[in-house]
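Residues annotated as domain 'Helicase ATP-binding' in TrEMBL: A:171-338. Taken from TrEMBL, the feature Zn(2+) 1 binding site applies to A:CYS401, A:CYS404, A:CYS441, A:CYS444. Feature annotation from TrEMBL assigns Zn(2+) 2 binding site to A:CYS410, A:CYS413, A:CYS428, A:CYS431.
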Amino acid sequence: MSEAPPSRRVRVAVEAPQHSGLTGPLDYLGPQDLTPGTLVHVTLGRRDVMGLVWDDLAEGQDLPEDERLPESELRPVGEALDALPPLSDRWRRLVEFAASYYQRSIGELALAVLPPQLRDLDAKQLQARLKKLDKADAAAATQAAAAPITPADRPALTAQQQAALDAVLELAGREAPQPALLWGLTGSGKTEIYLRAAEAALERGQQVLVLVPEINLTPQLEARFAERFAGHAIVSLHSGLTPAQRLRHWLAAHLGRAQLVLGTRLAVFASMPRLGLIVVDEEHDPSYKQQDGARYSARDLAVYRGHLEKVPVLLGSATPSLESWQHALGGRYRRIDLTERIGGGALPRVRLFDMNRLERKKGVTTTLSVPLLDALRKRLDRGEQSLVFLNRRGYAPVLHCDQCNWKSDCPHCSAHQVFHKEDRTLRCHHCGVSARVPRACPSCGNPDIAPLGRGTERLEEQLALALPGARVARIDADTTKLKGSLESQLAAVHEGDVDILVGTQMVAKGHDFRRITLVAAVNPDGALFSSDFRAPERLFSLLMQAGGRAGRDAAQAAASEMWVQTWYPEHALYQSLQKHDYEAFASSQLHERMSANLPPFAHLALVRAEGRSVEAARDFLTAAQEAAQALPLSLGLLLYPPVPMAVARVADSERFQMLIEAGSRAQLQRFLRAWLPELHALKRRQKGLTRWAVDVDPLAI
DNA sequence: AGCACGCCGACT
DNA sequence: GTCGGCGTGCTC
């Protein structure tokens with residue numbers, strides 16, 4: 001028997017959430033040779049939890065010597081899962097940065113971004129898992145020898161693409177590459193640039209990380225990469241995988257066996273020992289921001305990770321986020337442009353249809369205007385497809401009684417219940433409650449209750465009625481609930497089994513329709529007057545993307561059209577859209593943002609509070625504000641008063657929020673670090689407060 | 001967050 | 001007398 005190695009103080013990041021007040025790693029006693037990055041079981045209170053051996057934090061970040069527990073009071077670490085190679089130093093720096101920036105504990109974040117199944121394993125089970133993986137890999141390796149990529153397999157690059165690729169490769173050759181913003185129209189061949197850049201990294205023996213905004217978009221991109229890189233190991237990482245798949249794919253990345261990792265925002269934390277390139281496709285997409293728990297932006301973390309690992313980051317978009325655009329204008333990002341569509345195709349002609357020109361007759365539906373129906377009919381006659389875009393699910397957003405003014409309000413939320421005709425339900429899109437549609441007005445008994453407004457279900461019905469013989473189909477969250485149904489419905493469109501496709505933003509993103517020559521946005525005005533300062537940016541990008549669905553087949557591009565029905569055709573947003581002029585739009589938005597002192601010229605944090613009563617939620621934030629004003633660090637910050645959220649009550653919970661504005665990130669960070677402990681204390685005193693959270697760099701205000 | 005302890009109401 | 005309600009407080 002060998003002697004037990006001498007014990008020492010070991011820092012372990014444990015899975016304890018922020019609310020516990022335990023922010024940094026905890027101290028345990030462990031063997032001398034325990035490497036940082038190793039998973040260990042430790043006792044926390046009375047339970048056994050997973051922890052990750054951490055290093056001593058940087059000067060100033062750590063507790064002072066005299067506040068640490070004496071070694072005599074420390075508990076020993078439990079079993080180490082040392083069959084797994086430790087998480088790298090760079091990986092830990094990324095997690096440390098993310099935890100600090102988004103104001104969460106290191107342990108919470110570190111363990112939340114590991115595959116969930118890893119937490120439930122003991123050393124023996126892990127070893128078995130790794131052995132099984134070895135076997136499978138060996139079998140796969142003998143089966144398919146990596147086929148070299150030959151130039152013949154790839155489409156020739158246009159001159160512009162070649163220049164873009166050269167710029168990317170030049171960056172990759174630098175010691176500390178600058179992030180690149182690949183600004184390319186839909187159909188300009190961005191994906192080909194990703195593929196070529198990835199190819200170069202693979203040839204150097206490096207791994208490539210590709211992020212996409214939605215799970216929906218992973219299969220088609222995965223197919224493209226799989227086709228190009230046959231024989232290479234490609235794995236996907238997203239929340240749609242089974243726990244076992246997720247662990248297997250994560251391990252493949254961590255062990256360096258997966259050469260390409262493709263995934264949604266959580267994949268930004270994938271452990272990759274030989275990372276050589278990060279691609280963030282559709283970098284402007286709001287889905288990159290996590291909306292609960294640690295509210296990180298995977299795009300921003302990707303940029304930070306690139307900086308840490310000294311690898312190039314390629315941010316791609318036709319309508320970059322104004323943050324990224326501003327970075328490019330300021331020279332922090334290298335801008336690379338793709339301004340031509342492949343094959344010389346033109347962008348669809350944008351027609352702004354002025355709704356004011358229609359005669360307004362009472363009770364007559366104007367959404368399907370006569371000219372729009374004519375345009376749709378023209379496509380039908382030519383055997384072409386059309387996409388009608390409406391960002392609202394259901395049949396009608398509300399039911400209404402003419403006699404007593406009753407409305408289908410949700411009993412638990414400050415929102416209407418949406419009428420879904422298909423299953424005759426009234427559903428609240430905020431809390432999810434569902435009720436049968438009443439036969440008569442529940443308030444006065446009037447049998448004549450009517451739907452008000454329209455959603456995709458009703459649009460589908462009205463189109464079928466107005467255009468007899470047309471094959472109308474609808475794709476939205478309701479028609480794609482079942483697994484695989486989105487794929488089969490998209491396939492039906494590709495097969496030509498559909499003439500007119502009705503859909504929400506789900507169909508506006510990414511899907512490559514070949515035969516669509518008309519895209520119509522029938523009611524996009526809502527976002528023009530939203531209280532959220534980012535609403536115009538989102539609308540512009542959504543409409544550009546929707547428009548990009550038309551004319552992808554170069555032969556039909558000339559005849560393709562985007563139809564926008566609006567009451568405000570003179571609005572600057574639509575004017576820029578009509579000219580496909582993202583630059584003009586961005587410039588006017590940035591101008592507005594600068595004069596209003598909004599991002600990217602200011603930095604925001606949002607504190608949200610939920611309580612059983614309006615008072616509980618509001619009083620908490622008011623007290624929080626008072627505590628903030630007492631801090632010297634709040635000097636120069638703008639603390640807005642607490643206000644109810646746009647939907648103030650959800651599932652019987654009252655919601656308030658409060659905005660903090662700072663001139664610099666560092667200032668905001670310093671303030672939050674000092675302030676949050678006070679909020680934890682306040683929460684304990686505030687009765688009826690159920691939850692609160694800080695959102696750094698919030699996307700939706 | 002878990003998971004204790006702790007101090008008051010309706011049950012065998 | 002005890003089972004259990006959820007308020008309060010702690011976890012290296």
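Keep in mind that glycine also has a Cβ here, set from the backbone N, Cα and C atoms.
Location within the structure of each feature annotated in TrEMBL.
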residue: A:CYS401; record: Zn(2+) 1 binding site; contacts (Cβ under 8 Å, 6+ apart): A:LYS407, A:CYS441, A:SER443, A:CYS444, A:ASN446, A:ASP448, A:ILE449, A:ALA450
residue: A:CYS404; record: Zn(2+) 1 binding site; contacts (Cβ under 8 Å, 6+ apart): A:CYS441, A:SER443, A:CYS444, A:ASN446
residue: A:CYS410; record: Zn(2+) 2 binding site; contacts (Cβ under 8 Å, 6+ apart): A:HIS416, A:GLN417, A:CYS428, A:HIS430, A:CYS431, A:VAL433
residue: A:CYS413; record: Zn(2+) 2 binding site; contacts (Cβ under 8 Å, 6+ apart): A:CYS428, A:HIS430, A:CYS431, A:VAL647, A:ARG649, A:VAL650, A:ALA651
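Excluding A:CYS410, A:CYS413, A:CYS428, A:CYS431, which define the Zn(2+) 2 site, the same chain contributes A:PRO411, A:HIS412, A:ALA415, A:GLN417, A:HIS429, A:HIS430, A:GLY432, A:VAL433, A:VAL650, A:ALA651 within 8 Å (Cβ to the Cβ centroid), listed in sequence order. The 10 Å shell around the Cβ of A:CYS444 (Zn(2+) 1 binding site) contains 13 further Cβ atoms across the protein chains shown. A Cβ within 8 Å of the Cβ centre of A:CYS401, A:CYS404, A:CYS441, A:CYS444, the residues given for Zn(2+) 1, is found for these other residues of the same chain: A:ASP402, A:GLN403, A:ASN405, A:TRP406, A:PRO442, A:SER443, A:GLY445, A:ASN446, A:ILE449.
All protein chains shown were included, and the count of other CB atoms within 10 Å of the CB of A:CYS428 (Zn(2+) 2 binding site) stands at 21. In the shown protein chains, 19 other C-beta atoms lie within 10 A of the C-beta of A:CYS441 (Zn(2+) 1 binding site). In the structure as shown, the Cβ atom of A:CYS431 (Zn(2+) 2 binding site) sits within 10 Å of 19 other Cβ atoms.
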